[in-house]
Amino acid sequence: MGTITVTAPAKVNLHLEVLGIRSDGFHELAMVMQSIDLADRLSFQTTADAALTLSCDDPSLSLGEDNLVIRAAQLLRSRSGFNELGAAIHLEKRIPIGAGLAGGSSDGAAALVGLNALWGLGHSRSDLQRFAAELGSDMPFCVAGGSQLCFGRGELLEPLPAVQESLAVLLVKDPRVSVSTPWAYRRCRELQGDRYLSGEDAFEQRRQVLRDMAWTQPIRAAEPPPLQNDLQEVVEPETPAVQAALRLLSTLEGTLAVAMSGSGPSCFALFADPTSCAAAQATLEQQLAAEGLQSWCCNLRPDGVRIEA
């Protein structure tokens with residue numbers, strides 16, 4: 001097979017709850033993650049040697065071994081036992097970097113899916129999700145995509161009903177600002193640690209509460225979901241760009257909910273349909289420009305990384 005192209009969608013967190021600290025030192029999370037159609041695009045081409053090379057149309061992106069695309073390619077090749085395999089990979093970057101939208105994780109997941117097909121390895125999606133969990137907490141979700149309950153570090157997935165309406169999100173981000181995810185979790189522990197749960201039994205009770213909430217039904221405009229993001233409580237007070245984005249989104253009419261995604265600084269408003277979303281974006285055009293904020297109208301997606309036909 002010569003060349004394969006894969007779409008790598010971003011995600012938003014519709015729910016992010018920090019339950020406590022696990023025995024391995026990671027935070028125990030309870031989340032609802034949703035794929036959106038803001039997406040990167042990766043192409044994979046076979047090479048005559050074992051080299052793994054990555055190029056990108058965004059010169060600010062690191063292309064070395066710290067990039068999840070390269071790390072995913074190396075892991076897949078190692079796990080499959082074919083170290084002679086190589087590939088030339090090109091990344092068209094559309095998801096903003098350091099935005100809380102899992103762009104890097106989605107690109108890494110796309111590398112697993114794309115190279116699995118390019119090299120004819122035959123791994124199942126569950127195999128690829130397991131490999132993804134070794135590389136990043138968001139990566140198994142990015143392989144699966146759609147609407148998912150995510151537990152543990154984020155790697156334990158429970159599918160939710162597919163979205164049955166044409167809901168849309170208006171994303172807003174300051175391109176000059178990024179938020180360190182490790183810092184956000186450290187700050188969360190400092191400020192909210194006294195309310196953390198302790199032990200697997202307590203974690204499971206809280207997971208069950210989330211399972212029993214409205215998330216078990218398809219998201220509908222008539223009954224908007226109860227958004228929650230524990231990290232927003234600690235990031236917003238210390239990040240003026242998040243404050244500005246949430247303030248502007250909260251002024252819009254017709255929003256179903258407004259929240260920060262992940263560790264930020266991207267924020268979003270949920271709308272009943274793409275037309276309402278686009279109208280809201282137009283309404284805010286001058287204010288967004290004055291604040292130096294970028295925006296995207298996005299539809300919800302039912303899947304994760306996908307090989308293009």
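Note: Cβ is positioned from N, Cα and C throughout, glycine not excepted.
Worth saying up front: this structure is predicted, and the values here are computed from it rather than measured.
Features reported for this protein in Swiss-Prot:
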ACT_SITE  Lys11  active site
ACT_SITE  Asp138  active site
BINDING   Pro96, Ile97, Gly98, Ala99, Gly100, Leu101, Ala102, Gly103, Gly104, Ser105, Ser106  ATP binding site
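Structure coloured by features recorded in Swiss-Prot.
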| residue | record | CB count, 10 Å |
| --- | --- | --- |
| Lys11 | active site | 29 |
| Pro96 | ATP binding site | 21 |
| Gly98 | ATP binding site | 18 |
| Gly100 | ATP binding site | 29 |
| Ala102 | ATP binding site | 28 |
| Gly104 | ATP binding site | 24 |
| Ser106 | ATP binding site | 31 |
| Asp138 | active site | 29 |
Three-class DSSP secondary structure - Gly100 (ATP binding site): coil
Listed binding-site residues among Pro96, Gly98, Gly104 whose Cα sits within 10 Å of Lys11 (active site): none
Environment of Pro96, Ile97, Gly98, Ala99, Gly100, Leu101, Ala102, Gly103, Gly104, Ser105, Ser106, the listed ATP site - residues of the same chain whose CB lies within 8 A of the CB centroid: Ala10, Ile95
By Cα-Cα distance, the member of binding-site residues Pro96, Gly100, Ala102 nearest Asp138 (active site): Ala102
